[in-house]
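> So that we are looking at the same thing, I have put the structure below in structure tokens.
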Amino acid sequence: MSVLKTTNLIKRFGEFTALDGVNIEVNEGEVYGFIGPNGAGKSTTIRILLGILKATDGEAKIFGLDAWEDAVDIHKRIAYVPGDVNLWPNLTGGEVIDLFVKLRGSNNKSSRREELIGKFDLDPSKKCRTYSKGNRQKVALISAFSSDADLYILDEPTSGLDPLMERVFQECVLEAKSAGKSIILSSHILSEVERLCDKVGIIRHGKIIETGTLNELRHLTRTSLVVETKQPLTGLNEISGVHGIEKKNHAFVFQVDAEELDNVIKHVSNFGILSLESAPPTLEDLFMRHYEGTGKTLKTGVGGAK
Amino acid sequence: MSKQLYKNTRILSGLIIRRDRVRIPVWLISLSALTIIVAAAFTDLYKNEGERQALADTMKNPAMTAMVGQGYGLENYTNGAMMAHQMLLFTLMAVAIMSILLVVRHTRADEEDGRIEMIRALPAGRLANLTSTILVLVGTNVLLALIVGFGLTALGIESMDLEGSLLYGAALGATGIVFTAITALFAQLSESSRGTIGFSITILLIAYLIRAIGDVSNEALSWLSPLGWVLGSEVFVNNYWSPILLTVSVAFILVVLSLYLNATRDLEAGFLPAKPGKKKASSFLLSPLGLAFRLQRTGLVAWAVGMLILGASYGSVLGDLESFFAGNDIMQNLVTPSEGFTLTEQFLTMLMSVISMICTIPPLMAMLKLKGEERKNRTDHLLSRSVSRIRLMGSYLLISIVCGFVMLSLAAIGLGAVGNSVMEEGIAFGRLYSAAMVYLPAIWIMIGLAVLLIGIAPKLSGLVWVYLAYSFFVVYLGGLLQLPEWMSRLSPYDHIPNLPVEELDYMKVVILTIIAIVTIAVGFIGYKKRDV
Ligand SMILES: Nc1ncnc2c1ncn2[C@@H]1O[C@H](COP(=O)(O)OP(=O)(O)OP(=O)(O)O)[C@@H](O)[C@H]1O
Ligand SMILES: [Mg+2]
């Protein structure tokens with residue numbers, strides 16, 4: 001069942017088109033990674049979902065309700081963490097957490113609040129004025145994860161967190177996921193997205209250019225291989241789907257399109273394999289491919305070298 | 001739908017009260033204490049009718065009318081009439097400023113800093129924040145009205161009965177409420193908190209000037225100004241309540257309009273277009289000085305225009321003043337004319353001290369901008385590059401000093417140009433201009449104090465406003481309240497020779513300048529040494 005769905009979302013700021021037909025769908029129990037270069041439109045999409053920006057055109061629905069019209073009802077069941085948390089300088093972190101709980105209504109667990117304050121190692125008695133960026137981020141994370149939301153909307157939630165806290169954050173997300181909650185996570189930390197997300201959407205210039213599970217996306221990209229053979233390896237550059245061939249000492253390093261992998265291995269095995277290492281494409285490879293240039297295929301380097 | 005828009009207004013009102021649990025009481029106490037103490041003092045000082053009537057006669061001239069309002073009941077100048085005449089208008093201005101600052105703080109400023117985003121992502125209605133701000137401000141103003149109303153009654157002064165006292169309070173409250181509404185509206189229209197404050201204060205000054213011109217020349221004009229309406233209630237004289245009703249109704253309409261705009265707009269957007277900036281920095285911008293200027297250019301230009309208009313408005317009164325004196329023997333006797341000076345010139349000196357204090361506001365803002373930038377951690381960008389603190393502070397100081405000079409010059413030019421065009425027997429421009437310029441050392445001392453506070457006790461830098469308000473208070477009310485001399489001697493403006501009536505005392509001017517230089521120097525040393 002879909003928890004969140006946008007259809008042809010368009011947002012213009014004056015002349016400038018920030019979103020140009022964004023389609024996203026997040027199902028129940030799913031963690032959706034939302035990635036894309038700076039200024040691609042991630043935060044804009046999220047702010048439309050939160051009902052704080054009004055879409056120029058298209059539809060944004062959460063729990064089947066309209067994101068703008070029914071914002072209050074939707075917000076009873078969601079939790080939001082922005083990348084840049086701004087708080088009231090003369091309130092303490094604890095007061096802010098309590099304020100958020102109070103605004104949300106009753107579905108908060110106070111034991112959970114204490115647990116999270118401990119886990120994130122936050123001193124809730126300090127004034128927000130004195131908090132570092134990471135500490136302000138923690139205040140938002142604690143109030144989000146201590147609430148009993150059905151959908152978590154996280155826009156670069158870990159910017160400013162140290163690696164230890166980053167890990168606590170990931171635990172929280174996985175916990176929420178195993179409790180059947182849905183999450184939309186925008187992030188520039190691709191390893192985080194890779195670890196947490198079931199599905200990924202890549203946005204660029206206000207358009208979703210790629211979407212699918214990580215496995216599906218991996219198929220769209222290339223595996224890198226490092227091969228050493230008994231006999232000199234030849235004819236590699238005649239096989240389609242082989243890219244970026246380089247020779248390193250005795251070994252060949254190259255990338256292979258997913259669908260050609262079978263052919264290539266067959267070809268290589270004719271030369272007597274001494275060693276073969278393969279690395280699955282990382283999200284980063286995938287990402288680079290889409291971010292660079294106009295989103296065409298990866299630069300093929302000086303393909304065909306021997 | 002409609003319920004959703006206001007969801008959680010109550011909790012957000014609580015938040016505002018929690019955040020302002022010191023700020024609001026301080027405003028309330030200062031405003032009501034000022035009113036009540038002055039009322040008591042007036043009654044003490046002007047015990048019999050004769051004394052009051054003598055004072056009333058000196059007030060019956062266009063310059064005073066422009067400054068403090070028409071004055072009702074001048075023929076039977078009771079303590080009440082005197083209070084409403086002398087104090088009401090300036091207290092109204094102070095209440096308006098309180099409302100403007102508080103509304104901006106909880107609407108556009110919070111929104112600009114991204115705090116409203118956190119609230120709006122929670123189940124809080126789209127209009128909850130604006131509504132709770134307005135509710136708290138209305139509550140504050142009603143409270144002020146009641147405290148002042150009952151406080152004045154409690155003094156037991158004969159001419160200040162319960163109804164009049166409550167009306168006096170209501171006049172303050174209604175003004176606060178209408179400026180709450182005006183600011184709420186500009187908080188929707190403008191995209192920044194500075195813009196919102198700027199527009200709202202501009203409306204306040206325009207309201208003051210329209211009323212000034214209207215009161216002197218054409219009463220109908222005064223009815224275009226909310227300040228004119230409220231003064232038209234003729235507190236303690238005729239006690240008309242309808243102007244208060246009018247004011248509150250207008251506020252209500254403005255509130256509805258601002259709620260409508262708030263409900264339809266995007267968060268952090270406005271309706272007044274912010275034009276796209278330049279792609280590249282001009283070479284002028286690429287220095288701390290250029291940057292400091294660029295950051296406040298719009299505001300400074302607006303103030304410059306404002307000061308020109310201020311001067312011109314006062315200038316337009318000079319003609320009336322002159323013909324008034326010509327046909328008024330009592331006046332001729334009352335104000336002992338100094339040798340060789342017209343009465344108009346004598347009034348000019350008082351006008352100059354007021355103008356110079358208003359002209360101190362923009363240079364102080366320019367200087368305090370340095371602290372504002374620091375609080376938002378933006379000075380770090382400069383200081384971490386090869387910009388020394390001395391150079392940074394120096395840039396702001398230079399702008400501030402030039403700004404003071406320009407503002408004072410413009411006000412003098414406006415005053416001179418318009419004044420001379422309406423007077424038969426003009427005042428030589430050079431004389432008028434030097435009467436203004438002689439106030440520069442006082443402005444420098446105020447700037448110096450700002451530098452000193454920024455350098456040594458940045459948290460207390462707001463005190464410079466208190467000092468300016470104090471100076472205004474003693475110059476404006478010192479004579480009326482017959483305050484001891486030392487109290488007015490504490491203000492730098494008091495030490496400035498009153499040109500052209502007095503001699504230019506170089507010694508005084510030099511001493512004042514030296515004091516300014518010393519405070520500035522100490523401020524610089526402090527700024528160099530302290531944490532940023
Ligand atoms: N209020 C606004 N007015 C005009 N343009 C805007 C406004 N808000 C966002 N934009 C533009 O819309 C585009 C998308 O911005 P958005 O903040 O959604 O990017 P993002 O994907 O979140 O980037 P980042 O990774 O840097 O956070 C940007 O080009 C931005 O400049
Ligand atoms: Mg963003």
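The backbone N, Cα and C atoms fix where each Cβ goes, glycine too.
OK, TrEMBL features for this one:
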type	residues	note
TRANSMEM	B:21-42	transmembrane segment
TRANSMEM	B:87-106	transmembrane segment
TRANSMEM	B:127-154	transmembrane segment
TRANSMEM	B:166-189	transmembrane segment
TRANSMEM	B:196-214	transmembrane segment
TRANSMEM	B:240-261	transmembrane segment
TRANSMEM	B:300-319	transmembrane segment
TRANSMEM	B:347-368	transmembrane segment
TRANSMEM	B:395-418	transmembrane segment
TRANSMEM	B:438-457	transmembrane segment
TRANSMEM	B:464-483	transmembrane segment
TRANSMEM	B:506-527	transmembrane segment
> Given a Cβ distance threshold of under 8 angstroms, which distant residues of the chain, six or more beyond its ends, lie next to the transmembrane segment (B:464-483)?
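Distant contacts of the transmembrane segment (B:464-483): 38, 41-42, 45, 55, 86, 90, 353-354, 357, 360-361, 364, 368, 446, 449-450, 453, 490-494.
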> With CB pairs under 8 Å as the measure, which of the listed stretches B:21-42, B:127-154, B:166-189, B:240-261, B:438-457 comes out on top against the transmembrane segment (B:395-418)?
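Maximum Cβ contact count belongs to B:438-457.
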> Please give the sequence-distant neighbours of the transmembrane segment (B:300-319): residues at least 6 beyond its ends with Cβ less than 8 Å from one of its Cβ atoms.
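Contacts with the transmembrane segment (B:300-319): 62-63, 65-66, 198, 202, 205, 209, 212-213, 216-217, 293, 344, 348, 351, 355, 358-359, 361-362, 365-366, 403, 406-408, 410-424.
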> Report yes or no: does the transmembrane segment (B:347-368) come within contact of the transmembrane segment (B:438-457), defined as 3 or more CB pairs under 8 Å with a sequence separation of 6 or more?
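Checked: the transmembrane segment (B:347-368) vs the transmembrane segment (B:438-457), in contact.
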> If we skip the immediate neighbours and take only residues 6+ beyond the ends of the transmembrane segment (B:506-527), which ones have a Cβ under 8 Å from one of its Cβ atoms?
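Long-range Cβ neighbours of the transmembrane segment (B:506-527): 389-390, 393-394, 397, 438, 441-442, 444-445, 447-456, 492, 495-497.
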> At a threshold of under 8 Å on Cβ distances, which of B:21-42, B:87-106, B:240-261, B:438-457 pairs most often with the transmembrane segment (B:127-154)?
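Counting Cβ pairs under 8 Å, the winner is B:21-42.
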> Short question: which residues 6 or more past the ends of the transmembrane segment (B:438-457) have a Cβ under 8 Å from it?
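That would be 352-353, 356, 359-360, 363-364, 367-368, 370-371, 393, 397, 400-401, 404-405, 408, 463-464, 467-468, 492-493, 495-497, 499, 504, 509, 512-513, 515-520, 522-528, 530.
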